[in-house]
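Peer 1: The structure under discussion is supplied below as structure tokens; questions concerning it will follow.
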Amino acid sequence: MYLFRKKLRNLEKRFTNINLLIKTNSSNKSRDETKGKRAVTAHDDKLWDYGVIPYEIDETFTGRKDVLKQAMRHWENFTCIKFVERNNQEHPDYIYFAEMSCGCCSSYVGRKGDGGQAMSIGPNCNFGNILHELGHAIGFWHEHSRPDRDNHVKIIKENIRRGWENNFNKLKEEEVTTLGSLYDYDSIMHYSRNGFSKGVYLDTIQPVDLENVVHDIGQRIRLSEGDIQQTNRLYKCPKCGQTFQQNSGTFSSTNNKEQNCEWRITTTNGEKIVLTILKLDIGQSPDCNNYIEIRDGYWYKSPLLKKLCGGNKTKTVISTGSRMLISSFTKDPKKYYSFTLKYEVICGGQIFIENEEHIESPNYPDDYEANKKCTWKITVPKNYKVALEFSFFEMENHGGCLYDYVEIRDGFSTDSKLLGLYCGHTLPPNIISTTENLLLKFVSDASIHKGGFAATVFKEYDKCAILDHGCAHNCVNTLEGYECVCKIGFELQPDGKSCKSTCGGILEASSGSISSPSFPETYPPSKKCFWEIVTQKDHRVVLNFTHFNLEGNSIDYVHHMCDYDKLEVYSKLNEGEIKKHGTFCGSKIPQPITSESNILKIIFSSDDSMQKSGFSASFFTDLDECSTNNGNCQHGCTNTIGSYRCICPEGYTLHKNNHNCTKGDCFYEISSPFGRIQSPKYPDVYPNRKTCVWKFTTLPGHRVCVSFLFFRVEYQEECFYDRVELYDGLSSGDRTLGKFCGDRLPEPLTSSGTDLYMTFKTDASTQRKGFWGTYSTVCGGVLQAETREKYIYSHVQFGVGNYGNDIDCTWIVKADYGFGVRLAFSSFDIEDDVDCLYDYVEIFSEKKSNSFARGRYCGNVKPTDLLFNDVVVLRFRTDDSFGRTGFKLIYQSDKSVMKHILKKQ
């Protein structure tokens, strides 16, 4: 830690003493307030070799690494720039992401060239700010600093905040080059109108009105088309090719005569890329002069996986890491090549172990992603077993490992014996299969994400098969050798091989009793007993303790303490899985336990020190009424002794008929555009054993934002006891936005769509004051077009009242690859003006070369249907007067749209 901090201090010292620093003030200032001067650096030595920008992230960095990586991937998606984790041997120069003492967003311009160069990512640096700073690191100055800027913008010096005037200086011709690009008002590198203004209502920059066109400046949403073109020119990116970041896709090149093309496929750490060659036609050439290279990485130095030229029969190529580079080369411009390739991102896969292999969760060592499912099928040679050793393990914790988990089975089938189901923070034990095959499955849900796991897999001799082990019952391989294990009801003798009948056993009676060894006398030291009580499939086992006295003084259902003597109780579920009911010790008699399956497993363990009188318990079997037609319950059903009980979902209570469910007294369905929320009884302490539900919904094209202004909820590290949870959708089954407890005020949370689901749950113990906050609606967002009709409404009170003043909304509508977007207004009423200068709807395509795909609209005449490429941006802006009824827009994806666009082009 000392070395990291020393490194950071040295970088920061150099960082603040150099005049090529671009700095963004992250306090309550304008979104783009940066110190420095875009255009493009005119110095080639400031460019990164081959467009490869290595980086490190300081270990003390507390910011949003996911947003940081999202911004890097955005640059990669539209250019040939590659941001890669630094390799000390290959990358002497690199970016060092950290949070500097200034708390600002800041970067050098281009490559500094003497080792690490710091980029400060302050706590208020959002996605757009980081895109901007990465632009500086790539080599861009601010757009409004171009030598020709006076032809395009007017600087209003009297409105500039004192001390920040040099931010608006013009660069000299020898410092920058524009690469022949037109001035780009839409650039991510441009200031907004009020950047460094004395007041937000005062402009410091105004676009020059040359053709009665109103230009918007200072956007921080995405790279402009000019940003993309200029980057590709600056780094001499191949004229053909593409970057792919989706989980699967197909791409083609038909009759291509370009001499050099490049396709880049990227995914996250822990995942691989499978490339399938569907079609390949490369003209024959001597010495394979016309060919396609597939490399296992991001650049020309990466290992060559395959070189394809005429007549090649290769069908599938698999990367070893998270990147793949496909490059085409031809030395004869008269020759052509064509191909169709399909790729798929996978985690897991088939592994044959010769020596050893390392496997990791996706995105390791960073937090794994939501809703991942990876399966590794591991095989070793004959007479060997699969050995698995974990070096790191951090998963969301749960007593039954229901959410995120690692599952290990002794074979490839889902019916194979379960060797372990693991979650939490404890490193799993070393595991050895009993066959030549082992299955490891990693699963994550939509909520809490942790660091994941890292493990080594290697082959182990099957010592039990090769050696004369002499075990009376079973032989089990270990990393150190082997050990003998006795069947249930038997105990291993001092010779380590023979077994003797003792406590435990398999019990199939409908009723009976069990007790600790020597009961009611003290149990012996170093004893371990196993019982399995088995009944019919539609029955359950009920265990009732009549005496209990074991060393220890805790009953801990969550953390499973009882480190000395203990009794553990499990239900054996389907496919060999187990559900733990509890770990018990001390003198308090446990409550009766009902199994969740037809098999109840009990394990008694004593150490070599203090002994007590032990335990006794009776058991009987009970019909599970829930196994037939869910007990006729409307929602859930749980078995009880001699009967059953219907249960209701969150926010509902059981009806008097004991089968149906009705909304409870703490269930709220909210559709109003804004309001207040609070915990029950606030400002008094909230009640115990309470579940509250808020279901927010708003009009399509708008989102729900929840902001907490006071928060005091009982704290526990994993928020097990009392907690507030928010979900991005209609129910707790949707993606989790956050789980909160303690005194720290959560950040405002916004849904991605029209619905947000929030719960507040309390346990039986500590109560605190609770929380209060507000909810509101937010317009705009990123929307996914589908073949069915979807809608955007101008304002949340559409149909009830006119739209308000000073609205500024941006919607980005995307369609899947190969589809276009169709827009149709079913209602349109916007304040009229000849030039639409006051209130207006502005629509344009991401590909601005399609001139039919942009326009500005106002008045009450509905625009004709509009056709776009796969991405379209829609903006709605109003001034401070004269609201009207607004608009309702229908959007959908359509393959025929692309054909129409191509035809017009």
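We count from 1, first residue shown onward.
Positions of Cβ are set from backbone N, Cα and C atoms, glycine also.
The shown structure was predicted, so the numbers you read here are calculated from the model rather than taken from an experiment.
When I checked TrEMBL for this same protein, it listed these features:
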DOMAIN    38-238  domain 'Peptidase M12A'
BINDING   H132, H136, H142  Zn(2+) binding site
ACT_SITE  E133  active site
DOMAIN    240-346  domain 'CUB'
DOMAIN    347-460  domain 'CUB'
DISULFID  C347-C374  disulfide bond
DOMAIN    503-622  domain 'CUB'
DOMAIN    622-662  domain 'EGF-like'
DOMAIN    666-778  domain 'CUB'
DOMAIN    779-894  domain 'CUB'
Peer 1: Would you kindly check 38-238, 240-346, 503-622 and say which stretch has the most C-beta pairs under 8 angstroms to the domain 'CUB' (779-894)?
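Peer 2: Between the stretches 38-238, 240-346, 503-622, 38-238 has the largest tally.
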Peer 1: Let's check the environment of H136 (Zn(2+) binding site): how many other CB atoms sit within 10 Å of its CB?
Peer 2: 27
Peer 1: Using a Cβ-Cβ cut-off of under 8 Å, list the residues of the same chain that are 6+ residues beyond the ends of the domain 'EGF-like' (622-662) and lie near it.
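Peer 2: Same-chain residues near the domain 'EGF-like' (622-662) but 6 or more away: 537-542, 592, 594, 691-693, 732, 759.
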Peer 1: What is the interatomic distance between the Cα atoms of H132 (Zn(2+) binding site) and C374 (disulfide bond), given in whole Å?
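Peer 2: Distance between the two Cα atoms comes out at 35 Å.
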Peer 1: Taking Cα atoms as reference points, rank the recorded positions E133, H136, H142 by distance from C374 (disulfide bond) and give the first.
Peer 2: E133
Peer 1: In angstrom units, rounded to an integer, how far apart are the Cα atoms of H142 (Zn(2+) binding site) and the residue listed as 'active site'?
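Peer 2: Rounded to a whole number, the Cα-Cα distance is 10 Å.
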Peer 1: Please report the distance from the Cα of C347 (disulfide bond) to the Cα of the residue listed as 'active site', rounded to the nearest angstrom.
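Peer 2: Just about 32 Å between their Cα atoms.
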Peer 1: Just give the helix, strand and coil counts over the domain 'CUB' (666-778), going by DSSP.
Peer 2: 0 helix, 57 strand, 56 coil
Peer 1: Over all shown protein chains, what is the count of other CB atoms within 10 A of the CB belonging to the residue listed as 'active site'?
Peer 2: 26
Peer 1: I want to verify one value. Collapsing DSSP to three states, which class is C374 (disulfide bond)?
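Peer 2: DSSP call for C374 (disulfide bond): strand.
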Peer 1: Could you tell me which three-state DSSP class H142 (Zn(2+) binding site) falls into?
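Peer 2: Note: H142 (Zn(2+) binding site) is coil by DSSP, not helix or strand.
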Peer 1: Please work out the helix, strand and coil residue numbers for the domain 'CUB' (503-622) from the DSSP assignment.
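Peer 2: The counts are 3 helix, 66 strand, 51 coil.
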